[in-house]
């Protein structure tokens with residue numbers, strides 16, 4: 001077992017690390033070149049935006065996973081386990097209802113309607129104002145999130161590896177824009193496939209080396225158990241607790257459904273499949289790949305704790321932020337293996353590339369479909385060129401938003417939480433349209449606006465009045481194994497005790513000044529922000545629709561869920577037909593006592609007549 005008392009990883013990459021990282025960028029760009037010029041390139045907006053609706057299940061499934069797993073997942077999930085324990089692994093359970101709801105409720109309708117933008121449905125079901133509102137919300141949400149996805153990992157990797165910050169930001173944005181503009185959705189999907197494989201390879205490199213360094217998997221789990229990190233089965237129903245079985249299962253189901261069920265970046269992939277069967281299968285294959293990446297990232301968190309259980313680099317001021325812990329670990333344990341640190345950084349940036357490319361492509365799609373096509377008469381070729389221009393525009397916008405994120409400082413966490421609150425009310429709006437035929441446009445808009453107001457209220461309140469440690473429950477991080485000099489040890493103890501006293505006095509002061517809502521409504525688990533927005537939007541939408549009338553609202557066929565959309569109903573019909581067929585065969589078999597010619601179709605009298613007619617014809 002490795003004894004890391006005073007780890008001092010190298011401050012920068014080696015040549016081989018840069019080679020591996022650059023190779024990942026080059027291959028991603030090459031995919032865009034291939035699909036930009038193969039078979040004559042992109043002939044129409046349909047080819048460019050939805051891949052000609054010819055994609056198959058497996059590449060789309062891996063693309064769905066890559067779009068969901070950003071570099072923040074690669075860097076932050078292990079730190080979540082390191083600081084709070086193994087409970088985050090329960091997200092694997094929340095993926096199951098998410099996949100079922102998305103594939104059975106939302107996917108069949110979007111695929112049946114043949115829409116390119118998710119928000120086309122809102123105009124079909126409600127009105128144009130609702131469609132525009134949804135489109136604008138999506139654009140704001142995606143730009144904010146994408147800027148943060150580009151900047152946050154670049155900053156973390158810069159601080160630890162010495163990788164140039166703005167060089168990484170600009171190269172990421174330029175490469176994404178390049179292959180999105182040339183190759184359209186097909187290039188995005190196939191680069192996502194490549195990037196998922198890179199992410200898994202990077203995780204495996206860290207896991208294998210950590211297991212070798214620590215002396216086996218059992219040692220890692222033993223260290224985690226002794227450090228209180230095996231805290232999965234917490235069934236406390238208190239909604240104020242940050243992570244419990246219920247907050248992760250219920251809140252996670254809503255969060256992931258708002259991502260996979262209605263988000264343009266994901267729906268655009270479903271409708272690109274060549275059949276509804278392939279579209280549904282892509283979701284279920286995606287479930288397996290989500291499990292694989294999630295389990296790898298969680299186990300990396302256990303490895304991180306096992307290596308630094310006695311000398312936390314963050315507390316010991318070896319890193320300036322917790323999101324730098326994974327790059328720090330990689331450079332520490334893989335320093336003697338040139339190229340492997342570069343592989344992990346390539347894995348982190350693969351997450352960034354996949355998310356940014358999905359966002360850029362989705363932003364271009366909704367802008368072209370929802371904001372340009374309805375108001376300008378363009379040919380297919382012209383719309384294709386407009387879509388490519390929009391990819392360039394949004395690629396530049398995302399790089400610019402990374403610059404804005406760099407100025408936000410401590411507000412980054414607030415921005416992440418606020419962006420997450422938009423998905424809940426939108427999920428409520430789509431649910432109203434799909435499941436409740438009597439809901440009208442007044443109810444839909446009222447529900448959306450109210451849901452947004454409530455979810456922003458609780459989200460902003462939680463940022464102003466941070467939940468107390470009783471709700472978040474961070475686990476202990478130790479430094480007693482660090483090999484400080486006498487002066488450093490005195491300074492470290494003084495700094496730690498001063499910080500502790502300051503935090504304790506600040507908490508006592510804040511507890512006295514905190515309003516009643518701070519320790520109730522504002523302390524709600526962040527995973528419940530999305531369910532709150534969804535349920536409020538649904539409740540208000542139902543009430544307003546009932547009060548405002550239009551109970552006999554006439555809708556076009558196919559805008560609401562039908563029993564024929566459900567796989568369980570299709571299975572029921574198949575089994576019923578088989579049962580009827582078997583009973584019919586039994587009836588036929590039971591008629592053996594009847595005259596010949598009625599039991600078996602091959603020996604009916606009409607067959608004999610045909611034989612006689614044929615013989616007579618041959619004689620003549």
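Glycine too: its Cβ is placed from the backbone N, Cα and C atoms.
TrEMBL lists 15-37 (among others) with the feature transmembrane segment.
Sequence annotations record features per position, and here TrEMBL assigns transmembrane segment to 57-76 (among others).
The annotation transmembrane segment is assigned in TrEMBL to 88-111 (among others).
Residues 70-72, 74-75, 117-119, 122, 169, 172-173, 263-265, 323, 348-349, 351-352, 355-356, 359-360, 362-363, 366-367, 370-371, 394, 397-406, 412, 415-416, 418-419, 422-423, 426, 429, 445, 448, 452 of the same chain lie 6+ residues outside the transmembrane segment (132-153) yet bring a C-beta within less than 8 angstroms of a C-beta in it. For 132-153 (among others), the entry in TrEMBL reads transmembrane segment.
Per TrEMBL, transmembrane segment is recorded for 165-185 (among others).
The transmembrane segment annotation in TrEMBL covers 197-221 (among others). Sequence-remote contacts of a segment are chain residues at least 6 beyond its ends whose Cβ falls under 8 Å from one of its Cβ atoms, and for the transmembrane segment (197-221) they are 1-2, 24, 66, 69, 74, 230, 292-293, 296-297, 299-300, 302-303, 306-307, 326, 329-330, 333-334, 337, 340, 343-344, 346-348, 350-351.
Counting residues 6+ beyond its ends, the transmembrane segment (243-262) has Cβ neighbours under 8 Å at 64, 68, 84, 87-88, 90-91, 93-95, 97-99, 101-102, 105-107, 118, 232-237, 283, 420, 423-424, 426-427, 430, 525, 527-531, 534 in the same chain. The transmembrane segment annotation in TrEMBL covers 243-262 (among others).
Same-chain residues lying 6 or more positions outside the transmembrane segment (283-308) and placing a CB less than 8 Å from one of its CB atoms are 2, 4, 7, 57-58, 61-62, 64-65, 68-69, 73-74, 77-82, 86, 88-89, 91-92, 95-96, 99, 102-103, 107, 196, 199-200, 203-204, 206-207, 210-211, 213-214, 219-221, 223-224, 227, 229, 260, 270, 325-326, 329, 332-333. Residues or ranges marked as transmembrane segment in TrEMBL: 283-308 (among others).
The transmembrane segment feature in TrEMBL is assigned to 390-408 (among others). Sequence-remote contacts of a segment are chain residues at least 6 beyond its ends whose Cβ falls under 8 Å from one of its Cβ atoms, and for the transmembrane segment (390-408) they are 143-144, 146-148, 150-152, 154-155, 169-170, 173-174, 176-177, 180-181, 356, 359-361, 363-364, 367-368, 415.
The transmembrane segment annotation in TrEMBL covers 414-438 (among others).
Feature annotation from TrEMBL assigns transmembrane segment to 445-465 (among others).
Listed by sequence, the residues of this chain that lie at least six past the ends of the transmembrane segment (526-547) yet keep a Cβ under 8 A from its Cβ atoms are 239, 242-243, 247-248, 250-252, 254-255, 258, 417, 420-421, 423-425, 427-429, 431-432, 436, 438-440, 442-444, 446-448, 450-452, 454-455, 458-459, 462. The transmembrane segment feature in TrEMBL is assigned to 526-547 (among others).
With a cut-off of 8 Å between Cβ atoms, the residues of this chain six or more beyond the transmembrane segment (57-76) that come close are 148-149, 152-153, 156, 188-190, 192-193, 195-196, 199, 202-203, 259-260, 265-266, 269-270, 272-273, 277-279, 281-286, 289-290, 293, 297, 323, 326-327, 347-352, 354-355, 358.
With a cut-off of 8 Å between Cβ atoms, the residues of this chain six or more beyond the transmembrane segment (15-37) that come close are 161, 163, 171, 175, 178-184, 186-187, 190-191, 194-195, 198, 338-339, 341-343, 345-346, 349-350, 353. Packing against the transmembrane segment (445-465) from elsewhere in the chain are residues 126, 129-130, 133-134, 137, 413-414, 417-418, 420-422, 424-426, 428-429, 432, 510, 514-515, 517-518, 521-524, 526, 529-530, 532-534, 536-542, 544: each is 6 or more residues past its ends and has a CB under 8 Å from a CB in it.
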